[in-house]
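The structure appears below as structure tokens.
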């Protein structure tokens, strides 16, 4: 592999002498320059351009969702309701949840990096259905416009979970519109998942059999299966909520013979697997980053690959652990508690295998590696507190407290967002053809890790002491911890803004990147940075395993 | 991994595209089944929890209208299956006629269904604004709610299917589909049609035959 990377570093800095940081030959021939008009972007079927469209879109929603979080953290600085009214606070956390879950976390890694990388990694020229891919971006924006409409028309106050009978009978906000937004964006997810599954099955280059797929692709495959099979259940459930509000259909309304608990079952049948939709792509990214940083084959390739599939499969069977206090039979509770503990096994396998991969690796402290390390640390804390919550007795104690809030933020924000930024820092040179200032990448990685822990670790303690979630008026004794948390959130906010500055700066002023700036394996690094419009001049023939670093030989010599 | 001496792809692109389309359609249909799966879960749940009341409510449905509609829909499916076969044989005229026949039978289904709704509306059994006066029991109202949502969602799918068939028949007439080369353009809509009829095959017993 190393021989390959050396030979492919040809000519990528041609033109540098004449025009410092000007356009390189590869950039002129790349997908970025294949058409300059707005139309050539908005009607593109190139998976790489669609990935960039998604990158801009999810970044936009990330900052809107982040703004809602910032307002909440400011309000929580004091025990009184001094910034937001009760109603306003309800709307802020609902909007934060809805936007972050459906318009950032779920589409973030799959639609940006999955879109960009899966065809490159398996040696294909595009996804199986390029027009469907573009359609899914438009559907995403249609859902996004509905969400923005909800935002300006006064918001919605049910929490992102839309629990009945609150959402169907009592909520004052724009519930139908918000449910419609989520309903619509679900179709975008389904189309993306469908596209990935078909692409991975039918578009692999000759010789790229399943045992040679990068682990990134395996995890995205598992994610796609969940997207396709879980999302329609949410779709029909939200449609029923809207029908209940609009036409008085009482499927969840006890007064009409319905059952609100049924809503929770249907909702979590989607939304627990959705947690794995959010975190599996993060695991996908970290497997790549760890192998790249260690310059070693991933320890136990098949274990890591199948653990993704196992997480997806078991993830469908644990939904009722969100409902331990909602009135279930004791036996159902025990079964769901056990299954929730089981799902930790494949997650644990991944962490052990990453660690074993790093053992005796030739590690360099590049920004992507620091993000991956941050991910592993935060994911372990989030995962272990997940085990605590899966225990019936403990869950009854801390249910609906900040303990739960801290737990899922460790997985989704500490985990997935760290992985997202790791991916951004790892593949940015490939996507744009430019290197960014590594120093600032390191600073950001460390700041995110520190800021995140300062924000959310105090929330574990808050929850354990009994601070319920979704309250903004609280007891005096909790103030110190809330102030700590808000301080951390400030650091975190700045850390999220930094990459926006130096990555955009790098677009124009960065050093042009070679085809393989990190000197790693993978088909995506064999094409120029940024890749040409059709990815591969000739479809590659794959003859070797992934992560085929020549470490063992070096060690023997 | 190696880029070595690049070889021509082992699979011809046309074959790859053919496989990808069928496979993609299969996954799409799987996700459609899950869409109805939520509704079936609700039906089964209430059948288990409130068995007696659900049975009583089911007896209010027009069993024989449903049965007639089942026959109509399955006949249209036969036409659709024959259309797929004649497309493979390359018979453009016959394919076009069979597609239109299937679409027409689908339309007959919708007309009968609309008649059934209006009968129920007249009896005060349909839980829509202005109707449902006779639905005093909460559970019979609930059952009719589920009935309306499930059959309504099915009717929406059927309408889309009719549109697809008419459009495909038009494309054959317009010569933008040529058989047997473009047989996939016939096979994919017929697969969708079979989803619509299979969903009905499960909906009919789940709603009408619970008595």
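Counting begins at 1 with the first residue displayed.
Note: Cβ is positioned from N, Cα and C throughout, glycine not excepted.
The feature domain 'Heme-copper oxidase subunit III family profile' is assigned by TrEMBL to B:23-211.
The feature transmembrane segment is assigned by TrEMBL to B:21-49 (among others).
According to TrEMBL, the transmembrane segment annotation covers B:61-82 (among others).
Annotation source TrEMBL lists transmembrane segment at B:94-112 (among others).
For the transmembrane segment (B:146-170), same-chain residues at least 6 beyond its ends with a Cβ under 8 Å from one of its own Cβ atoms are 32, 35-36, 39, 42-43, 46, 61, 80, 96, 99-100, 102-103, 106-107, 109-110, 113, 126-128, 177, 185-186, 189, 192-193, 195-196, 199-200, 203, 206-207. If you look up TrEMBL, you'll see B:146-170 (among others) marked as transmembrane segment.
What TrEMBL lists as transmembrane segment is B:191-209 (among others).
Residues 139, 142-143, 146, 149-150, 153-154, 157, 184, 187-188, 191-192, 195, 199, 202-203, 206-207, 210 of the same chain, all 6+ positions outside the transmembrane segment (B:21-49), place their C-beta atoms under 8 angstroms from a C-beta of that stretch. When Cβ-Cβ distances below 8 Å are used as the criterion, the transmembrane segment (B:191-209) is approached by residues 25, 29, 32-33, 36, 40, 43-44, 58, 61, 63, 66-67, 69-70, 73-74, 76-77, 80-81, 102, 106, 146-147, 150-151, 154, 157-158, 160-161, 164-165 of the same chain, each at least six residues removed from its ends. Mean pLDDT for the domain 'Heme-copper oxidase subunit III family profile' (B:23-211) in the predicted structure: 92.
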